[in-house]
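Report on one structure; see the data block that follows.
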Amino acid sequence: MRANDALQVLGLLFSLARGSEVGNSQAVCPGTLNGLSVTGDAENQYQTLYKLYERCEVVMGNLEIVLTGHNADLSFLQWIREVTGYVLVAMNEFSTLPLPNLRVVRGTQVYDGKFAIFVMLNYNTNSSHALRQLRLTQLTEILSGGVYIEKNDKLCHMDTIDWRDIVRDRDAEIVVKDNGRSCPPCHEVCKGRCWGPGSEDCQTLTKTICAPQCNGHCFGPNPNQCCHDECAGGCSGPQDTDCFACRHFNDSGACVPRCPQPLVYNKLTFQLEPNPHTKYQYGGVCVASCPHNFVVDQTSCVRACPPDKMEVDKNGLKMCEPCGGLCPKACEGTGSGSRFQTVDSSNIDGFVNCTKILGNLDFLITGLNGDPWHKIPALDPEKLNVFRTVREITGYLNIQSWPPHMHNFSVFSNLTTIGGRSLYNRGFSLLIMKNLNVTSLGFRSLKEISAGRIYISANRQLCYHHSLNWTKVLRGPTEERLDIKHNRPRRDCVAEGKVCDPLCSSGGCWGPGPGQCLSCRNYSRGGVCVTHCNFLNGEPREFAHEAECFSCHPECQPMEGTATCNGSGSDTCAQCAHFRDGPHCVSSCPHGVLGAKGPIYKYPDVQNECRPCHENCTQGCKGPELQDCLGQTLVLIGKTHLTMALTVIAGLVVIFMMLGGTFLYWRGRRIQNKRAMRRYLERGESIEPLDPSEKANKVLARIFKETELRKLKVLGSGVFGTVHKGVWIPEGESIKIPVCIKVIEDKSGRQSFQAVTDHMLAIGSLDHAHIVRLLGLCPGSSLQLVTQYLPLGSLLDHVRQHRGALGPQLLLNWGVQIAKGMYYLEEHGMVHRNLAARNVLLKSPSQVQVADFGVADLLPPDDKQLLYSEAKTPIKWMALESIHFGKYTHQSDVWSYGVTVWELMTFGAEPYAGLRLAEVPDLLEKGERLAQPQICTIDVYMVMVKCWMIDENIRPTFKELANEFTRMARDPPRYLVIKRESGPGIAPGPEPHGLTNKKLEEVELEPELDLDLDLEAEEDNLATTTLGSALSLPVGTLNRPRGSQSLLSPSSGYMPMNQGNLGESCQESAVSGSSERCPRPVSLHPMPRGCLASESSEGHVTGSEAELQEKVSMCRSRSRSRSPRPRGDSAYHSQRHSLLTPVTPLSPPGLEEEDVNGYVMPDTHLKGTPSSREGTLSSVGLSSVLGTEEEDEDEEYEYMNRRRRHSPPHPPRPSSLEELGYEYMDVGSDLSASLGSTQSCPLHPVPIMPTAGTTPDEDYEYMNRQRDGGGPGGDYAAMGACPASEQGYEEMRAFQGPGHQAPHVHYARLKTLRSLEATDSAFDNPDYWHSRLFPKANAQRT
């Protein structure tokens, strides 16, 4: 069985190595190491040989042919030219061994300890079948080992071979006996040396026929026909490239004694530096890189690192490096989740040489004293020393029992970190209790306890712990993390002298002596505190770095009275002990050290400085002149000045011709690559339909092969898979197209992506300027979706990094483009499910594209359900119906669109920052929403609020959103106000550039892949504009006044949807001309503003949110079954009619002034036509936000920017604020809420109260106010406010700092109708729904 397993492993290695090219395109295959052991019958053995050696040229190992039948066809062995190990032929019945091309047997492994060729017992005693010929006609070299050919009854001509001409080692044993006797003679042309009777079977002699001048092989008898010294097996000429085989290594066809070394000597820096042309030894071949299943050990390719080295990855190269002690070894711990509950005699040996414990370590009394119930004997205390190698414990350390004769825990003297990833009992990461004989802790190397509490109790003899400063060990806050009690009192310890060593600092110590200090008062050497380092005396001399003593380099000469060195390098010595080569002290001058152009030789002068030898010295020297060279004297060939001049001129001409040719070739390849890249990016494929009755669909995506895609690095990971940066290498092409590869896997394992589905074809057929087009897909066990690589990254990262360079025009244009992309997806029936700023990518600084759509529908239904335990579910971007019922529609995407726009307007703030995800659904049910961003007017904010309506049918469509943002993008400063901060006396600097030139070059050129991505801009007909104009702010943005801000920043908070006095406050401040804007709504709790870097951290469910799943399941169980109102019902149409009925007709589509990218430019509407604000989706009125009903049944949305309408006159303006019944923001008061009925209320104007000290120039209006003619000075139509008796929503007063309230205004107070109950936020409460939707006036309750 063991031999069979070995064959299977070698077969696997063969399949990996087969077909690889090394050296001169040699087909390399692995050998075997089974000896005379065989598995199965002769037929099975033959099949194994065939799989291993078909078309093989170089056998990396041993060629073993054992127990093969007489009718076996071994002609597949004829290609073998070299065997690195031995050749074993035994117990076979075939007549001829066809190895006519075998030239060299290296003998790196020998059979029976001494034979490179072993042939024995190749006959059948019951038949005439036997081995008769060894056709090794080309075998001319056995580098190591002897020959054994015995007991082959029918094998002939073996005694005619001159084995000394083949075997290099003269002392090698050669045994040839007891073989065939009745053999025909050799052919006369062979002169008695042959492998068979024919004239073609003569032995080729390459040594014994050579002239005496030849040291090895030759290709003729003349003295000038000697082979190169590096040849093996003969040659066809005198050069190292004429060898039949190489004695040592084959470097690109030339035989060399060693492969190019990884380090070469630099004459300028006097250092060994990495050789850019290094190669590694792979068998007898020099290769530029080892096969993927090998690692580099110094200069060789090996299958595994030796025991004292570990495998590391350096710049993508797997290498073996010394461990510097014990090599890292991770071991399983004890406790919860482990097979063992405690360390005991049954598992203690499993911790030998462990450096890292994955889990916990528990020391209980049942482990040390034994467990009779489980028949586990007592633990030998001496075996606890295996833990001296442990440096890290990822979980906790629990010591509740310890051997009586051990008075500390010094077996953990090398422990540096306790991770606390899993905690014991009440959250302890270090627990030491009831160890009656322990006097000190002894954790001398412990530097960090990452998490958890410390419990040290009931250790009657324990001292020294009183002195420890635990804040230096604990990470994070230390309050309430220490529970140390009932140990030996401090006064008793002091009385017995059990105090810290005087060399310890005030940080305390773990035990007695200078080696147990937490930190040192002066210096430390090897973890032991000392008074001073050996600066001026003592051995070895030292220098100090961060109060740590380090030894000087061994080549530094110890100095008296002054410092010997100032660092650890050989170039930091004050004086060298032996020689100095440049700035470095060395033990000897370089002698034959490999340099960039050959070996380097130097000699020491009288000052022991290393000086270079003459350039013609090839074996060293003793001086600078040519006559000082060691060895043979070289004859110099004089050259005239004319010859030198002609040589230089000819060289320059050749160089210029090569440069010109290279440039032309490079340009031609560049043009070809551009054309090929354009062809592949633009061209789609027609894929046959899955149903024969369907028509073939034009699918823009391709079906890739796995060999065409190459992943370079991981860009990120999300809910459905991992995104890689990679390249697409079309089959048969040499171009590399940069792409993004998203690997989608079904975690349940129930779905395979082997077949191409209709949904995959649907995704592949999508093509729009504002969605990331799918270039293709690669089916398989995991589905790979391939899109074009956009180096500018996500829109979320962009707005965070360049918030100081983003203007309102660009922000609104991005909103238009995202809406257009989502509208295109809606037209094609594609629900996104995960729209967020992180899933919007920048194709250019002015064009964005929606990405990551349609991925969820590729997985089975169970995997698309909302799982609160999933670590990356975007709860904060999801609509309520998606959170509670797993319902995803285009209108749930509208909700996510509103959150995405909010992210843009807050420059990448995290939604609901500071809130646990379990609180978000309840918060949304109560009617609270994200707060109004600081740069947004009420118009823009109301568009967001409409996207967050409870009833999905009331939310706008993406077409309406695109039209609305297009309208706003024509006058950006009117809707977005961005104020730049500048201090007094500081002139505002130039507007910062959004991107550096380097990043812009990355958009056009990917240097790593040698591609010009400027082609993408040409394909899309993008205008070549500078980045400064793309990111510039409109004129006047910097000087627009800003209102006062709330003390609690709303940019990262949320807003209750039922703030009754918000509109009134805003109206009053806007109408009165005050420079102070109305305070923004704030959250119930202060929330810190924050933003995280990855998709998995931005508002996604974490492991600590397990309670949310329970809440949702309870909410679902209580919810009533309701049929959602279809989009086509009367209420929906009436609302859409009110939103889309234009007052002034819009310009036809052909005249719409925007570019192909949806980038709308300001001030482009017709001069003679006033811009209409009612023809597109407008901002919702406060009464709509608050859940009240309008008087007019046909109009359920109130426009914030009203025109003069022919309507019945308003009621007379009240004479006082008390008559209005309004409730204003209570500055400085506590937050309160009220909830009333859902009766409709009429609109009343707001009285204008002038504020002292304000001027008309300070006034800034968000809305387009037109004269209404209603009352004195009233040129503004107030938004609807209800008296207290008619309000059907909550009112909230926001905190505001002192000084923001006009002193002369008196505010009326409203009494709340009833307090908010818990059932008001439940889905099964009809009052909740009717209080937050916008039904018609005659809507019936259900």
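Keep in mind that glycine also has a Cβ here, set from the backbone N, Cα and C atoms.
Positions annotated as active site, proton acceptor by Swiss-Prot: Asn834. Under a cutoff of 8 A between CB atoms, and with a sequence separation of 6+ in the same chain, the neighbours of Asn834 (active site, proton acceptor) are Gly718, Val719, Asp852, Val855, Ala856, Pro874, Trp877, Ser896. Following the DSSP three-state reduction, the secondary structure of Asn834 (active site, proton acceptor) is coil.
Per Swiss-Prot, N-linked glycosylation site is recorded for Asn126 (among others), and the stated evidence type is sequence analysis. Proximity of Asn126 (N-linked glycosylation site) to non-local residues of its own chain (separation of 6 or more, Cβ distance below 8 Å) is seen for none.
Counting every protein chain shown, the Cβ of Asn250 (N-linked glycosylation site) has 27 other Cβ atoms within 10 Å. The N-linked glycosylation site annotation in Swiss-Prot covers Asn250 (among others), and the record cites experimental evidence as its basis.
The N-linked glycosylation site annotation in Swiss-Prot covers Asn353 (among others) and rests on experimental evidence. DSSP assigns Asn353 (N-linked glycosylation site) to coil, not to a helix or a strand. Taking Cβ-Cβ distances under 8 Å and a sequence separation of 6 or more, the neighbours of Asn353 (N-linked glycosylation site) in its chain are Leu326, Lys329, Val386, Thr389.
Secondary structure from DSSP puts Asn408 (N-linked glycosylation site) in coil. What Swiss-Prot lists as N-linked glycosylation site is Asn408 (among others), and the listing cites experimental evidence.
Annotation source Swiss-Prot lists N-linked glycosylation site at Asn414 (among others), citing experimental evidence. Taking all protein chains in view, 20 other C-beta atoms sit within 10 angstroms of the C-beta of Asn414 (N-linked glycosylation site).
Annotation comment: Swiss-Prot describes Asn437 (among others) as N-linked glycosylation site, evidence class experimental evidence. The Cβ neighbour count for Asn437 (N-linked glycosylation site), using a 10 Å radius over every protein chain in view, is 15.
Residues or ranges marked as N-linked glycosylation site by Swiss-Prot on the basis of experimental evidence: Asn469 (among others). Of all Cβ atoms in the shown protein chains, 14 besides its own fall within 10 Å of the Cβ of Asn469 (N-linked glycosylation site).
The Cβ of Asn522 (N-linked glycosylation site) has Leu503, Cys529, Val530, Thr531, His532, Ala547 as same-chain neighbours under 8 Å, each 6 or more residues away in sequence. Residues or ranges marked as N-linked glycosylation site in Swiss-Prot (evidence: experimental evidence): Asn522 (among others).
What Swiss-Prot records for Asn566 (among others) is N-linked glycosylation site. Just so you know, the Cβ of Asn566 (N-linked glycosylation site) picks up 13 other Cβ atoms within 10 Å once every protein chain is counted. Under the DSSP three-state reduction, Asn566 (N-linked glycosylation site) is assigned to coil, being neither helix nor strand.
The annotation N-linked glycosylation site is assigned in Swiss-Prot to Asn616 (among others) on the grounds of sequence analysis. Around Asn616 (N-linked glycosylation site), a 10 Å sphere centred on its CB holds 12 further CB atoms from the protein chains shown.
Under the heading phosphoserine, Swiss-Prot lists Ser686 (among others), citing a large-scale study or a structure entry as support.
The phosphoserine feature in Swiss-Prot is assigned to Ser982 (among others).
Per Swiss-Prot, topological domain 'Extracellular' is recorded for 20-643, and the stated evidence type is sequence analysis.
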Pairwise CA distance, Asn566 (N-linked glycosylation site) versus Asn250 (N-linked glycosylation site), rounded so that it is a whole Å: 46
Asn250 (N-linked glycosylation site) versus glycosylation sites Asn408, Asn414, Asn469 - nearest by Cα: Asn414
Rounded inter-Cα distance in Å - Asn469 (N-linked glycosylation site), Asn616 (N-linked glycosylation site): 68
Segment confidence, the topological domain 'Extracellular' (20-643), expressed as mean pLDDT: 90
DSSP-derived structure type at Asn250 (N-linked glycosylation site), helix or strand or else coil: strand
Among Asn414, Asn437, Asn616, which are recorded as glycosylation sites, the nearest neighbour of Asn408 (N-linked glycosylation site) by Cα: Asn437
Cβ-Cβ neighbours of Asn408 (N-linked glycosylation site) (radius 10 Å): 23
